[in-house]
Amino acid sequence: MPPPCSLLCRLATLLCVWALCQAQLDTKLPPGTPIIQLRLAGDKHKHYEGRVEVYYNGEWGTVCDDDFSIHAANVVCRELGYVEAVSWSPSSKYGKGEGRIWLDNVHCSGLERTLAQCESNGFGVSDCKHSEDVGVVCSQRRIAGFKFISTLTNNVESLNVQVEDVRIRAISSQRKRVPMTEGYLEVKDGGKWRQICDLEWTEMNSRVICGMYGFPGEKRYNTKVYNFAWRRKKNYWGFGVNCTGNEASLHGCKLGHKVELRGNTTCEKGLPVVVNCVPGRAFAPSHAQGFSKAYRVEQPLVRLRGGANIGEGRVEVLKNGEWGTVCDDSWNLEAATVVCRELGFGSAKEALTGGKLGQGMGPVHMNEVKCSGFEKSLTECYFNRDALGCSHEEDAAVRCNVPAMGFQNRLRLSGGRNPFEGRVEVLAEKNGSLVWGTVCSDSWGTIEATVVCRQLGLGFANNAFQETWYWSGDVSADDVVMSGVRCSGTEMTLAQCLHHGKHLDCPRGGGRFAAGVSCSETAPDLVLNAQVVEHTTYLEDRPMYILQCANEEHCLSSSAAAATSSSYRRLLRFSSQIHNNGLTDFRPRAAHNSWIWHECHRHYHSMEVFTHYDLLSLNGTKVAEGHKASFCLEDTQCEEGIEKRYECANFGQQGITVGCWDTYRHDIDCQWIDVTDVVPGDYIFQVVINPNFEVAESDYTNNVMKCRCRYDGHRIWMYNCYIGERPEITGYNIIECDGHLSCSKPFCLWMTTFQRGLNSEKINA
């Protein structure tokens, strides 16, 4: 056995490590190393990714992807202040650059301090084209204490100021205001917060700052208040800032002129910068109600769907009376920011592509969208109407900056095995002080759990629990402080839901019967194919003697109980094709061993009620109804490249895989509405999937399908089927005009739209 390492050996090892650390901290480069500057440019979706561009010899240029590797990407990212690289992309993924291709055949070991130290053909020696420009994706984590050393007089897109390095500091009279919309702008540099001189400050700069903090706009502030408010010693930053106004964050702005720091006489003719932001309607406090009223989107032209948190989702646009998606070709932060500001949020944090927040249904309305960043609506941006060959796998989505409301500080999950589950505990006022307590589990369900997960930023609800004895929560928080909770699902906080207020009523009490939740970052999303329903509808007169099983399962109207076996029932039959467009499989809530066997039909029911079928009068009154038990949830068909996972045969696992659909054919039992007692007339046919919210989904608004229906006593017509809510008549309509969408309000178009059920004509301007 070799002898243990001696003290001298260990000392030598420590010295080697110390020397390596010193070498990494040493910012001096070997003599003769070319001085370069790097930036990430192009059609990027996040500030930490993009096409690698090099500033050398007074000119910006690109890097060829030949021989490029993850080691070279690590060198690039560290040189820009990020901890490491996540990936790199060849073939001009972020668009083709311009000018010189400075570097080709780059070989890095990964230990170099600058890309200029890596082996290459030499600056400007390349046989590449800009179609081979390389790009990188860096880690979001920044190198601690990293300070950008500019080699340029005007450092473009390389200002080392991130969101965490900027703050709006309110004056004392406004510090309790939520959200904080106004105050001094301060930048953290060298461990100290510093102010910016306002001599070159513009409204465009304020627009960018407000966008970073979740606000769609900016406004002037009361200068008199701040002329007297500044009492502390000024400590100015050494630079100005020059933004054009369409940047998603301060990271995209240019450095302004250098500020000469002269102690108390710095910025002698100016004052520290103050920004005053305008909050979106969802975050603007009302003097009468505060934030007690739930926020409901009333945006008529653009909406977000499928997002777990407020300010994120798949982008959908209303065109010709029909909601459709946006293709991700050329989708970037500028276009995403227009969407975010339009909906009352700040600038975009991410422009998501590839159906990352779920796939939509229906048409793809816009492709290759190009925005300047100053449009008031995405519908004002130009797009390519001749390139609509996109599938829903390419649906564009956004994540927006939203104001810091402090909602997460008033709610917590306790006792769970991980941060995504636990007993729900809220901070409430009791006897004049704030205490933690539980929520009564009476009437507690998936919708309430959805609001909790959203408030905590934990994604979607996975389960709602009415017993939590298996989670050992904080004993001091066992008392119930909230009862009678009923949510609509649109609320941002649990406090916005209806509840009993101070007059609590919870017979079972808290403790082991307190409400609990489990959350998930992904969820399924079921959507019915409306066209299949519309095209497969017909009437059938069926004798009662072969409907005994259906009658036992309550699939016929109440009058069937008194019907003779020789009588007939008139059935409205149709097929339904239910797609899972979410990000995870749809599975029955009940465990496999608790499914109920139905002897008559010889099958298991994994959900007691999976769909409701209703025939309504034009004023919404039910005239006939049916239901469909989910005895067989399986993958009937899937998109290309996706394998079926669920099959009902042989007591198999039930569910619907992402990208697959389950088809209930028109000729199976209970796939109907009994219309025997319905008189001829005009009706509304309605299908509701997952009506009791037994299984959590990312979007319940698309679980309802409605059709207009005409019955003359012998035949039936189904037409104008749509998913979700029919767009309201506002007098405005969206039309296509010269490659962009716009609004028009001629009376004749309004009447045409009204008469055709909001199916507006396409107008060629």
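Including glycine, each Cβ sits where the backbone N, Cα and C put it.
What TrEMBL says about a protein is an automatic prediction, not a curated fact.
As written in TrEMBL, here are the features:
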DISULFID  Cys64-Cys128  disulfide bond
DISULFID  Cys77-Cys138  disulfide bond
DISULFID  Cys108-Cys118  disulfide bond
DISULFID  Cys243-Cys253  disulfide bond
DISULFID  Cys371-Cys381  disulfide bond
DISULFID  Cys487-Cys497  disulfide bond
DOMAIN    38-139  domain 'SRCR'
DOMAIN    168-278  domain 'SRCR'
DOMAIN    302-401  domain 'SRCR'
DOMAIN    411-520  domain 'SRCR'
SIGNAL    1-23  signal peptide
Just going by other Cβ atoms within 10 Å, which of the disulfide-bonded residues Cys108, Cys128, Cys497 has the emptiest spot? Cys128
Over the span of the domain 'SRCR' (168-278), how high is the average pLDDT in this prediction? 82
Name the one residue among Cys77, Cys128, Cys138, Cys497 whose Cα is closest in three-dimensional space to that of Cys118 (disulfide bond); these are the disulfide-bonded residues. Cys77
Can you tell which of the disulfide-bonded residues Cys138, Cys243, Cys487 lies nearest to Cys371 (disulfide bond) in space, using Cα positions? Cys243
Pairwise CA distance, Cys381 (disulfide bond) versus Cys253 (disulfide bond), rounded so that it is a whole Å: 22
Using Cβ atoms only, which residues of the same chain lie under 8 Å from Cys487 (disulfide bond) while being at least 6 residues apart in sequence? Ile447, Glu448, Thr450, Val451, Leu494, Cys497, Leu498
If you compare CA-to-CA distances from Cys64 (disulfide bond) to each of the disulfide-bonded residues Cys77, Cys108, Cys138, Cys243, which comes out shortest? Cys108
Out of Cys77, Cys128, Cys138, Cys243, Cys253, the disulfide-bonded residues in the record, which is closest to Cys108 (disulfide bond) when you go by Cα distance? Cys77
Cys138 (disulfide bond) to Cys128 (disulfide bond): how many Å between their Cα atoms? 24
Relative to the Cα of Cys77 (disulfide bond), which of the disulfide-bonded residues Cys128, Cys243, Cys253 has the closest Cα? Cys253
If you count CB neighbours within 10 Å, which one among the disulfide-bonded residues Cys77, Cys118, Cys138, Cys243 has the smallest count? Cys118
